[in-house]
Amino acid sequence: MQLAPSKPYLSYHDILLTSDDIVSLKYDWLTDNNIAFWEEWLEREVLPKYPRAHIVLLRPSITFLLMQAIDLKSIGSALPDFKKTTHIFLPVNDSRDRERADGGSHWSLLVVSVIDRVAFHYDSLGGANFYEAQKCSDRLGRVLGVPLRFHQMEDSPQQGNSSDCGVYVCIVMRHLLIKRLLNANSNEKVSMSMANKVIDSAGGRKEMMQIIESLRKEGERRRSLSPMSTSSKSGSNSKTPPRIE
């Protein structure tokens with residue numbers, strides 16, 4: 001049975017996943033929403049275990065705004081407070097259309113070490129997003145008020161098809177966040193290299209779907225226990241997605 005286009009599938013805090021997002025996650029190029037969900041999940045499920053960490057995961061829409069805004073001062077209210085931030089993760093898209101945040105055809109990942117003033121770029125398709133990542137690094141440096149040294153990571157794992165770039169961004173993001181930054185000793189130099197890291201994109205898609213399905217079941221369980229839950233006769237439950245908040 002096929003899902004109806006754009007039907008709400010899961011409401012997870014600030015992210016609303018639709019059936020279109022689910023289809024993309026299973027078979028196609030990841031949407032902004034897919035990546036935003038992954039970042040939301042990492043913020044809700046992983047980062048709270050490390051209360052002393054000051055790491056920001058910028059959503060794709062905010063990265064797009066940062067790259068396309070004519071006046072950087074005008075977007076200040078949309079950006080988080082970076083005063084105590086040590087690292088910033090930015091999903092970079094190659095869309096150059098200011099009117100379409102969901103345009104473009106390739107994702108890559110920019111990781112900025114604010115404390116070291118270095119921007120590391122991970123591109124699973126060679127240097128396809130080199131220009132966009134450099135622009136993003138330059139603009140973020142202007143927002144932070146410090147120059148950032150741009151470093152293209154030549155050892156970034158490479159995708160084997162034309163649709164897995166978003167999955168690579170998500171997997172590399174989690175690996176660098178957890179294995180390199182959150183679990184690093186305070187007195188050791190952290191390597192940001194991805195040399196010899198093998199990416200299982202099919203496994204990554206499957207794992208993300210399992211997380212979504214688990215959250216969806218939990219949302220349905222909570223709704224069934226809620227005193228505000230309407231009777232099944234009204235059919236209203238079918239119109240709203242399971243919610244986790």
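Placement of Cβ uses the backbone N, Cα and C atoms for every residue, glycine included.
These come from TrEMBL:
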DOMAIN    1-176  domain 'Ubiquitin-like protease family profile'
COMPBIAS  214-223  compositional bias 'Basic and acidic residues'
REGION    214-245  region 'Disordered'
COMPBIAS  225-238  compositional bias 'Low complexity'
Whole-number mean of pLDDT values that fall within the domain 'Ubiquitin-like protease family profile' (1-176): 94
Distant-in-sequence neighbours of the compositional bias 'Basic and acidic residues' (214-223), which means Cβ under 8 A and at least six residues beyond its ends: 9-12, 229, 237, 241-244
Secondary structure composition of the compositional bias 'Basic and acidic residues' (214-223) [DSSP: H/G/I, E/B, coil]: 10 helix, 0 strand, 0 coil
